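Chemist: Handing you this structure, nothing more for now.
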Amino acid sequence: VRVFTPRRRDLLLSKMSREGLEIKVVDPPPQPPVSNVSAARSSPGGRQRASFAEFRPFKLWFPWLVPAIVAANIVLFAVSMFINDCPKNSQKCSARFLGRFAFQPMKENPLLGPSSSTLEKMGALEVTMVVDKHQVWRLFTCIWLHAGVFHVLANMLSLIFIGIRLEQEFGFVRIGLLYMISGFGGSLLSSLFNREGISVGASGALFGLLGAMLSELLTNWTIYANKFAALLTLIFIIAINLAVGILPHVDNFAHLGGFTSGFLLGFVFLIRPQYGYFNQRNNPRGYAAPSAKSKHKPYQYVLWITSLLLLIAGYTVGLIVLLRGTDLNKHCSWCHYLSCMPTSLWNCKSQNMYCKSSQIGKQMNLTCIANGRTEMYTLGNENQSQIQQMCSQLCS
């Protein structure tokens, strides 16, 4: 908060209003008692009053990109349901759990979501496709697909709640880049650890926005009031959301990858100039500033360079490791607990379902290795993904 003389304040507010900047004038804080000598030097009324201008020299943007992303996700979900002929053809539709999914299809429900085979055709993340056929584009397309009605609604409501405020403050370019790059980072880490099944969902990108909010608070620390309360609240929200990722069928590696990417990107994209820098730029003509202010503080430059180097190095190494087909679970025996923590209520091993098959003509016999159940199927034009879906239903 700066103290201005009435004339300088009026000139400054007039200039900032013409430039479309947000201005907020507030009353001064209560002054401590003054001595009689000080009072004698003040105004005739015996009270010394000053005008304070608390201004926010950052343009507010109209948020259109986040609503567009929400609409695109809903449209793509509707398209996936239409391709499945849902709910008319219940054999092609499957229910899903909340979160970013790494799943094999579960019990059928014609009202809740498309099948894994349809999601695979539309660009779901499947590691074998990325490694063997070099379909790296799946790392981007999977963040636009969702596995069920509740899945898409939960993610889109979260995106509206988080993304619109960020877009208003930082603009569609920076938030759009942050959303896409964070989503890519979440998909990349997911593909390095989740080697079975497919993965879809925008929650990796959403966690990127949460991570960016945290780094934005840290790098712009000096311009915030109630810093520690805001920091503790944000950390609590992030911890709760990451804790949900230990449930079965939720791809917490995508959450962690998106959050880490967004946290680093926040230091790059969401850096704020100092208020003093804006003050000297908006000084009235003829006013000499007591000292020149740099645009950013030294620690902001250090965080900017360090984060950018870590992002480039991490993405480069991750892509090389992925395209070589390396399974990082073999090099980290405990990492799978980050995505699913086994308890008495669920078993993490149930995520991977395997069947033994034998075929005579168009008749195929499947036996679930986990529970020993056997069933005979008549084959049409089923692909490998649809056969895996039959296996998953048999083991459910």
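The backbone N, Cα and C atoms fix where each Cβ goes, and this holds for glycine too.
Curation does not apply to TrEMBL; its annotations are automatic.
Straight out of TrEMBL:
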- 134-270: domain 'Peptidase S54 rhomboid' (DOMAIN)
- 25-46: region 'Disordered' (REGION)
- 61-83: transmembrane segment (TRANSMEM)
- 143-164: transmembrane segment (TRANSMEM)
- 171-192: transmembrane segment (TRANSMEM)
- 198-221: transmembrane segment (TRANSMEM)
- 228-247: transmembrane segment (TRANSMEM)
- 253-271: transmembrane segment (TRANSMEM)
- 301-323: transmembrane segment (TRANSMEM)
Chemist: In the domain 'Peptidase S54 rhomboid' (134-270), how many residues does DSSP call helix, how many strand, and how many coil?
Modeler: 107 helix, 4 strand, 26 coil
Chemist: Quick one: do the transmembrane segment (301-323) and the transmembrane segment (228-247) have at least 3 Cβ pairs under 8 Å, skipping pairs fewer than 6 apart in sequence?
Modeler: no
Chemist: What mean pLDDT does the predicted model reach across the domain 'Peptidase S54 rhomboid' (134-270)?
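Modeler: Mean pLDDT for the domain 'Peptidase S54 rhomboid' (134-270): 92.
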Chemist: Rank 61-83, 198-221, 253-271 by Cβ pairs under 8 Å to the transmembrane segment (171-192) and hand me the top one.
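Modeler: Looking at each of 61-83, 198-221, 253-271 in turn, the most contacts to the transmembrane segment (171-192) are made by 253-271.
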